Amino acid sequence: EMGHNLGINHDRGFCKCIAGPCIMLPTISTKPAYQFSSCSVQEHQRYLLRGRPQCILNKPLSTDIVSPPVCGNYFVEVGEECDCGSPQDCQSACCDARTCKLKHKAQCDSEE
């Protein structure tokens with residue numbers, strides 16, 4: 001049902017996944033489905049571009065979050081200056097992934 005909420009219909013016969021059954025198959029499989037087909041990905045992209053659903057595209061303000069901040073979740077929350085993911089995943093030259101603070105004297109743009 002999650003796929004339907006994202007604007008995705010059931011896969012048709014020509015839709016394929018790399019490994020195993022696709023999430024949006026019209027019938028239940030005996031094997032678990034872990035992937036959306038390329039058809040599903042395209043449908044979701046069209047849904048986002050045409051429908052512009054505010055519930056998905058409306059990024060919440062950090063002040064709207066009521067849970068404590070978590071460094072490493074890719075979302076800049078109260079008390080954080082940046083959040084580039086875990087120390088293993090962080091690709092930012094500007095953000096210290098351990099503290100979610102900007103590195104001293106780093107030259108950064110607003111997206112980092």
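In case you wondered, yes, glycine gets a Cβ from its N, Cα and C as well.
For C17, the disulfide partner recorded in TrEMBL among C22, C39 is C22. The cysteine that TrEMBL pairs with C39 in a disulfide, picked from C15, C55, is C15. Comparing C22 (disulfide bond) with C15 (disulfide bond), their Cα atoms are 8 Å apart once rounded. DSSP states for the domain 'Peptidase M12B' (1-60), grouped as helix (H, G, I), strand (E, B) and coil, give 22 helix, 2 strand, 36 coil.
Per DSSP, the domain 'Disintegrin' (68-112) is made up of 0 helix, 4 strand, 41 coil.
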